[in-house]
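Working notes, beginning with the structure itself.
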Amino acid sequence: MRTLLALAALAGFAAARVPAYAITRPVMRSDSRADAVKEAFSHAWDGYYNYAFPHDELHPISNGYGDSRNHWGASAVDALSTAIMMRNATIVNQILDHIAAVDYSKTNAMVSLFETTIRYLAGMISGYDLLKGPAAGLVDDSRVDVLLEQSQNLAEVLKFAFDTPSGVPYNMINITSGGNDGATTNGLAVTGTLVLEWTRLSDLTGNDEYARLSQRAEDYLLHPEPAQYEPFPGLIGSAVNIADGKLANGHISWNGGADSYYEYLIKMYVYDPERFGLYRDRWVAAAESSINHLASHPSTRPDVTFLATYNEEHQLGLTSQHLTCFDGGSFLLGGTLLDRQDFVDFGLDLVAGCHETYNSTLTGIGPEQFSWDPNGVPDSQKELFERAGFYINSGQYILRPEVIESFYYAWRVTGDGTYREWVWNAFTNINKYCRTATGFAGLENVNAANGGGRIDNQESFMFAEVLKYSFLTFAPEDDWQVQKGSGNTFVYNTEAHPFKVYTPQ
């Protein structure tokens, strides 16, 4: 059931918010809501396994299947870490059987280095870390080593992507021919969202090549050139030249295409503060610049906070995305880790802004893209803009996790049960509007009755992210739960796969 907050009440909440560090630590216990999320996961898995396995994703309306991720069973690999956390040994064993049989050297599709890294490589590495660590004994230990073996096999297949004059990789590659799509640039997020996975693989295998490849590419982003494409400290352009590693533009945002570069800067410091102090420094610079230069408040709702974009003409763009709503969680993680209350407070403001995009629609689910530019409000959305401070550019919902993700971080950092309720409301609405007889479908328009029709696709990140963060919010305390301060023993990749933080041998 959707919770409706009056605008005055929301403003009052923002004004009277208790400082994060004054709130008691979350009390962890078994919760029937965790069981409800487990049921949703099993429902989605059963539909996928019965109608689409071993293909990449289920079409949950027609009960067909898709192979958008190399034909290697993306949903199965992406589901592994969540199934482990839920301690569902049956599903974990089904996935281990599948992974052992995959030949990562064979596909007829062009392969995305980025998507393959964050879903397949990360899913297997995370499964290994969990089953060799806090979930040891869930399945026969002799079955676990294949995860690391297959991770290394996959990395060996993919690593030629880095064979460029600069070391900045191609993203779209042909693993059969050893070719690529001929691109001259790579995206900021694509280039900057490989280092956690490839470094972890090196640390587990003792082969430092994987870390060197990813960190060489990242180094161009940590020392960006030319200076004009870093208009504010830490905030850099959204594309990188493959030939020389120089930035190709000065388009600044936390939106898709740039987002997870910033996400990984602070997460690399969580992973190993000894090696990745520069990553922390660059994240701090970006965070401070974002507060000073990108923070934006709709004219009709000055209590709401979003992050704007910035272009080469020195203009702010008042458009954001569901993808961008990870930003609150990033500020919260960095703020609690570095004992920066200003980052925590700003993160909570961003979380509240993204909550508004959920709380204000007919379905209680947020849109793919939204804006708060007062000069572009469609006549049909003037009431929404006046009431909520945003209007919708793209009303689709394709089972994205970022809003729930940031709610989860807010709960873990503050201990304030409000954020648990926000997670529950979001999960309940997804379960209501997206659930089909065999899984979960996307929505055409979150601000139309019944979601404006359904999209016949169940993305693998429904398993990896939406259901994981929903479950973790209500699950008992465990090693993999996000912690306040510097107490994290796991750090999550951008697909919500937890890696064990580095500990020197």
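Cβ from N, Cα, C; glycine included.
Pulled from Swiss-Prot, these are the features on record:
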type	residues	note
ACT_SITE	GLU368	active site, proton donor
DISULFID	CYS325-CYS354	disulfide bond
CARBOHYD	ASN88	N-linked glycosylation site
CARBOHYD	ASN174	N-linked glycosylation site
CARBOHYD	ASN359	N-linked glycosylation site
SIGNAL	1-16	signal peptide
CYS354 (disulfide bond) versus recorded positions ASN88, ASN174, GLU368 - nearest by Cα: GLU368
Rounded distance in angstrom between the Cα atoms of CYS325 (disulfide bond) and GLU368 (active site, proton donor): 10
Spatial separation of GLU368 (active site, proton donor) from ASN174 (N-linked glycosylation site) - C-alpha basis, Å: 30
Integer Cα-Cα distance in angstrom, ASN88 (N-linked glycosylation site) to ASN359 (N-linked glycosylation site): 33
Distant-in-sequence Cβ neighbours of GLU368 (active site, proton donor), under 8 Å, six or more positions away: GLN321, HIS322, ASN393, SER394, GLY395, GLN396, TYR397, ILE398, ARG400
Per DSSP, three-state class assigned to ASN359 (N-linked glycosylation site): helix
Fewest other C-beta atoms within 10 angstroms, as judged across ASN174, ASN359, which are the glycosylation sites: ASN174
Cβ packing number for CYS325 (disulfide bond), 10 Å threshold: 29
For the recorded positions ASN88, CYS354, the one whose C-beta sees the most other C-beta atoms within 10 angstroms: CYS354
DSSP-derived class (H/G/I helix, E/B strand, else coil) of CYS354 (disulfide bond): helix
Helix, strand or coil at GLU368 (active site, proton donor) [DSSP, three-state]: coil
